[in-house]
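Taken from TrEMBL as is:
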type	residues	note
DOMAIN	1-79	domain 'GST N-terminal'
DOMAIN	83-211	domain 'GST C-terminal'
Ligand SMILES: N[C@@H](CCC(=O)N[C@@H](CS(=O)(=O)O)C(=O)NCC(=O)O)C(=O)O
């Protein structure tokens with residue numbers, strides 16, 4: 001059975017969990033705080049990050065985009081990424097935008113946790129601009145669609161949904177729903193799916209706070 005190293009707030013790990021559940025692939029979930037000194041994930045991922053998927057052979061795959069690409073290739077049914085190259089590119093664009101928004105949110109979270117004298121408003125505001133512009137582009141791409149891309153559930157929905165819910169969990173007061181009602185409606189539809197309901201992100205206490 002596959003083993004997936006994960007963390008409760010992680011939108012990147014959530015993408016993999018959702019993909020595995022959508023494809024009915026059994027896996028053992030190993031949940032930890034990757035920031036803590038005693039984290040286990042560095043033993044399988046030299047970059048020390050979750051998600052990391054460990055195969056029955058013991059081989060580890062890390063970086064959520066690569067993990068999901070591998071899962072899609074090894075377990076193609078049901079297909080979550082279209083075959084045609086231009087369509088694949090279109091779907092992957094949502095993952096790049098969603099991951100980029102989450103990367104900026106992670107940086108904002110840790111910037112905010114610094115001692116006041118170490119906090120950089122300029123750095124925080126730079127990341128916030130990426131979130132704002134990334135959301136605006138996702139809203140433009142989604143438009144009035146029932147799904148993030150095309151006429152069915154794809155990896156574009158996984159990426160978009162994971163980013164939106166992470167934003168909501170990390171920054172509850174961020175007014176993305178008012179700004180982008182189409183994204184709010186898509187998020188609500190996606191969060192009703194069993195694979196989303198089973199993987200709702202929750203904050204975690206970090207014992208070994210990064211200086
Ligand atoms: N690009 C990576 C990002 C993964 C990532 O940043 N994971 C965080 C946890 S979370 O921010 O997703 O909750 C981590 O393990 N960080 C530990 C570290 O960076 O040392 C991916 O998509 O897999």
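Any Cβ shown, glycine's included, is placed from N, Cα and C.
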* **Tally of DSSP helical, extended and coil residues in the domain 'GST N-terminal' (1-79)** => 26 helix, 16 strand, 37 coil
* **Whole-number mean of pLDDT values that fall within the domain 'GST N-terminal' (1-79)** => 98
